[in-house]
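Under the heading disulfide bond, Swiss-Prot lists CYS38-CYS44, CYS42-CYS51, CYS200-CYS227, CYS202-CYS249. Sequence annotations record features per position, and here Swiss-Prot assigns domain 'LRRNT' to 35-65. What Swiss-Prot lists as domain 'LRRCT' is 196-251. Taken from Swiss-Prot, the feature repeat 'LRR 1' applies to 66-87. Annotated repeat 'LRR 2' per Swiss-Prot: 90-111, in sequence order. Under the heading repeat 'LRR 3', Swiss-Prot lists 114-135. Residues or ranges marked as repeat 'LRR 4' by Swiss-Prot: 138-160. The repeat 'LRR 5' annotation in Swiss-Prot covers 163-186. Among the features that Swiss-Prot reports, signal peptide is placed at 1-34. The transmembrane segment annotation in Swiss-Prot covers 259-279, and the record cites sequence analysis as its basis.
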Amino acid sequence: MGDTWAQLPWPGPPHSALLLVFFLLAAGVMHSDAGASCPVLCTCRNQVVDCSNQRLFSVPPDLPMDTRNLSLAHNRIAAVPPGYLTCYMELRVLDLRNNSLMELPPGLFLHAKRLAHLDLSYNNLSHVPADMFREAHGLVHIDLSHNPWLRRVHPQAFQGLVHLRDLDLSYGGLAFLSLEALEGLPGLVTLQIGGNPWVCGCTMEPLLKWLRNRIQRCTADSQLAECRGPPEVEGAPLFSLTEESFKACHLTLTLDDYLFIAFVGFVVSIASVATNFLLGITANCCHRWSKANEEEEI
């Protein structure tokens, strides 16, 4: 019997087997911790955390550290606390659509350097500040559509987003968009701007020229982009405007115009002097007449 056991092959040094068991247990504990940290009312699987359609009023705490895809869509979330994404450096997709967000805290994406897709549509955002996407240089897609109170986009709101390909600003409250906000987006392919109350005055001309120059690379929803003002172009498609539409913005004065203005100014000056002279004479006469009446009464 002893000889039989002696002839059996030994699987290896005891310390190697112990190390193998240790690593397996450690991996199991780590996996168990990641699964155990799934928030209540959420489902967690394959680095995807789905907390959508749960009527949440606040963001869930303590997500799995390796979360790559986080959906908080279709809830009633009104605010995201500062530093909420600090620990989730693997985050690639963040879906916050259809909530009650009015603003986002500064530096929210400071540590989300791998974030590529961000959906903030169907919220109540009123403006996009300069520091909103700071450090989130990996963003490829941003959806800000259907924010009816969105009135202003800071000229440097998208600064540094060199990889951004898709930007949706449709169906908001934008009447004006600074050209500077788009010029720093070399990779932009799709831009949606329809459904906004655009004021197609002189300030719109630079943006329209830029869009026309980029139209083969930047596909804008030209059929939905309409002017809400001034009255003479109200209801006109934005891309139907031509250089003639902005002719009044480039009026130049000729020599005859300057001579006419000078003549009118001269006439007005003479009329003013004559009027002052007549008023002076009238006042003097009234004074003398009043003084004469006083002497007669005495």
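Note that Cβ sites are derived from N, Cα and C of the backbone, with glycine treated the same way.
Feature annotations (Swiss-Prot) mapped to structure.
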| residue | record | CB count, 10 Å |
| --- | --- | --- |
| CYS38 | disulfide bond | 19 |
| CYS42 | disulfide bond | 18 |
| CYS44 | disulfide bond | 19 |
| CYS51 | disulfide bond | 24 |
| CYS200 | disulfide bond | 27 |
| CYS202 | disulfide bond | 12 |
| CYS227 | disulfide bond | 23 |
| CYS249 | disulfide bond | 12 |
Next on the checklist: I'm checking region-level scores; what's the whole-number mean pLDDT for the domain 'LRRNT' (35-65)?
Outcome noted: 91
Checklist entry - What does DSSP give as the helix, strand and coil breakdown of the repeat 'LRR 5' (163-186)? => result 4 helix, 3 strand, 17 coil
Checklist entry - If you measure from the Cα of CYS44 (disulfide bond), which of the disulfide-bonded residues CYS51, CYS202, CYS249 is the nearest? => result CYS51
Next on the checklist: Quick check: of the disulfide-bonded residues listed here (CYS38, CYS42, CYS51, CYS200, CYS227), which one has the Cα closest to that of CYS249 (disulfide bond)?
Outcome noted: CYS200
Item to check | Local backbone state of CYS249 (disulfide bond), from DSSP in three classes | outcome: helix
Checklist outcome for this item: Of the disulfide-bonded residues CYS38, CYS200, CYS202, CYS227, the one whose Cα sits nearest to the Cα of CYS51 (disulfide bond) is CYS38
Checklist outcome for this item: Candidates CYS200, CYS202, CYS227 (disulfide-bonded residues); nearest Cα to CYS42 (disulfide bond) turns out to be CYS227
